[in-house]
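Report on the following structure.
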Amino acid sequence: PGHAFRRVTLTKPTFCHYCTDFIWGLAGYQCEVCNFMSHEKCLKNVKIPCSCIAPSLVRVPVAHCFGPPGHYKRKFCTVCRKSLESPAFRCEVCELHVHTDCILFACSDCRQCHQDGHLDHDTYHHHWREGNLSSSARCEVCKKTCGSSEVLSGMRCEWCGILAHAACYVIVTPECTFGRLRNMILPPSCVQLFSRNFSKLHCFRISENLQTESDEDDDVDGSTQGSTKDIQISTDSSKQTLKIFDGNDAVKRNQFRLISVPRIAKNEEVVEAALRAYYINDDQQEYELQTFTQQVLLSDDVINRNDAAEDSNLGSVFRVSVPEAWIIRAKPKDEEVIRIYPAWLKVGMAYVSLRVNKDSTVQTVIKEVLPLLGRQTECLQNFKLVEVLMGSKQVQRMVLDNQELILNRLKDIRKTSIRQMNQTRFYIVENSKSIVQVNLFVSGLPPQLSPEEYTNILKEELAIKTNVVSVSHVYQAQGAVVLQISCFSEAERIYMLVKDTVVNDKPLNAVVIPAVMASKIPQNCCPLLVFVNPKSGGLKGRDLLYSFRKLLNPHQVFELTNGGPLPGFHTFSKVPSFRVLVCGGDGTVGWVLGALEEIRHKLVCSEPSVAILPLGTGNDLGRVLRWGAGYSGEDPYSILISVDEADDVLMDRWTILLDAEETAEGAENGISEPEPPKIVQMNNYCGLGIDAELSLDFHHAREEEPGKFNSRFHNKGVYVKVGLQKISHTRNLHKDIKLQVDQHEVELPSIEGLIFINIPSWGSGADLWGSESDNRFEKPRIDDGLLEVVGVTGVVHMGQVQGGFRSGIRIAQGSYFRVTLLKPIPVQVDGEPWIQAPGQIIISAAGPKVHMLKKSKQKQKK
């Protein structure tokens, strides 16, 4: 399909792209456009289309989402099928990998993750992407291996993950059921997002700080730097290298491609080589090359100069003075056949072909097309013709004027760029009232204000136009609002402006969020809401973000550094039943559980179960719930399977009220105000004394040099070093505090640290309470409504507990505690340390228990 195969002599070991076997002997067949390599015997079976016709196979045009260029080992470019050595781009949502100078030739064939008012439909077909599979991949149809590390081969559906050979995928039924993870995926037909001018990175909330400057790439993408690597400037005197532009757009940007041709080549051969360089496999007789001199390049007014030169046709390409550069021009035609695609997806018919001549206008085309689509009874005024340019980075739509001559329009597109013509389609679209509704989640506002006050702040700071912007939801406790905007340019203006706005010394943050249509979610579907903290534990979070966006719908994956957990909970607030996966350390889990507690009453599913993928240093909660001590690169797919199979368990949460008696320092005019009490939530443990002091020192070290703290092993080493410095300290903590448990005073033994524990794991997996049974106390559980109180005598004792030689000193067990501090003492709750002034600390059970997910025990593999 679309290939231009030619027999070539092989000079190095080569593999066939069809059957992935080695090609023995010296002859193979290579496509001159996309470099597809094949055995002679495989030629007749090749089903993989050439890159030059990829745009014509797109079912629904969806632009890709490219991050900054990076280095990807053992991956191949989708366009030219060669391996990616230099920095290259990859799509953050699908498996597309592409060279910097091939990016222009990739078309918008990303997977459709939401409905945007164009071509919406509810049945999903497999979204096949070729190549870059692991070498152990097995074909669903014939069960043999279909991956290869030598060439781009094998097909994978980007929704359900089904794998198949290039030869076999054709017989797989087209409907996609989303595979093994179907109950966790947020179905794309339930998500709505009108995104017109927002970049894909904004739509999927991919934070810019992981990005390099994205504005530069327009100038760089051209093939000025890139394609020289394919064709070294020829030293062979019989060949010569030419610069080829494909139209006025390329000239303006100075983006050319180089071709190398024999000096004695005929005109036709050169035209053909030029078209191949631009991934066009049309008949070369429809095109010609036009000379292009250096002076024209320097003038701003390129376009007008060219028009004058256009008529002078050239005999042979090579005159005595060899011009540096050539432009491909299409020869004018008196009539041609164009394809018109219906914007409503009809089964079995993708487009209709129509012959147009120099008198055909947009209106006559609409008139002729309607009967062919069975809509002849309808009024012409109800339809419009839309020109769609399916570029890899954005899909551009333009409604054509009814009186415009179609052939003139085609001529203009070809003059601008022959490549763009190959990526352009015409759709016939029904005129309907287009609804525009963009939801922006704005956080960082002052908390506890009324909706009117929030609107006033936004009017002052962002000058919002209240006729198109309304505040649809208010989260007072968190200082966040959701804006509903019915005008694209206003939405874009607010989004850009928020980034530079500061209210009460706090920067605002805006996130574009999709609308989830809860009524369309299938009955048994329980989508997974994924939160990832990319800063936790050794920075593994970024790779996980990428993997989860690929495996699920990117709209259900949220980066916690971009607005925290609230945008995620708000997006899912109408979903009847969902689960949560938190990827991060214990601190991150506490952050998400805290946010869930505050917003619970606004969720339809008010008690979602929470699973943990431990990324931090301690991960005690992760250990207790069997998710492991820390993520070490397991396959993200199998993690999702474990979440799907996990068991629901309940866990207590505790509220700690810290009421300092001493007044806030530095009070003005000597009149001191008492400090308001502070309330903290606790999930794992709360420590006073030595344990909190070590934690505090570690925090200070991390704040001074955060760059060093990117590996779990180094983080633990610092804990040890900090601990060794404290060995000689003797402190009498028991003299500085008093403890009351369930209204009874408790005598404290001689200790340096007092720890309240909710879960049977402390300080990275040590069992502080110990396992021996004791008739004074119940056996601890995470849902018994009781906390255990344990003492440690110092750093050495803590070290022995960590090593598993001893356990702590059991002091008490209860559900209500009052601690009186007689002097300032370090305190830590779930790893967050500070120094607490003298006063009272009250610990009591928080509201309802939370639902957690505990990884079920591994079933024995048969």
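Every residue, even glycine, has its Cβ placed from backbone N, Cα and C.
According to TrEMBL, the protein carries these features:
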DOMAIN    2-50  domain 'Phorbol-ester/DAG-type'
DOMAIN    63-110  domain 'Phorbol-ester/DAG-type'
DOMAIN    125-176  domain 'Phorbol-ester/DAG-type'
REGION    214-234  region 'Disordered'
COMPBIAS  222-234  compositional bias 'Polar residues'
DOMAIN    334-433  domain 'Ras-associating'
DOMAIN    523-660  domain 'DAGKc'
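Stretch with the most C-beta contacts under 8 angstroms to the domain 'Phorbol-ester/DAG-type' (125-176), considering only 2-50, 63-110, 334-433, 523-660: 2-50.
Of the candidate ranges 2-50, 334-433, 523-660, 334-433 has the most C-beta pairs within less than 8 angstroms of the domain 'Phorbol-ester/DAG-type' (63-110). Mean pLDDT for the domain 'Phorbol-ester/DAG-type' (2-50) in the predicted structure: 89. In the domain 'Phorbol-ester/DAG-type' (2-50), the DSSP tally of helix, strand and coil residues is 3 helix, 14 strand, 32 coil. Taken residue by residue, the domain 'Ras-associating' (334-433) breaks down under DSSP into 30 helix, 39 strand, 31 coil.
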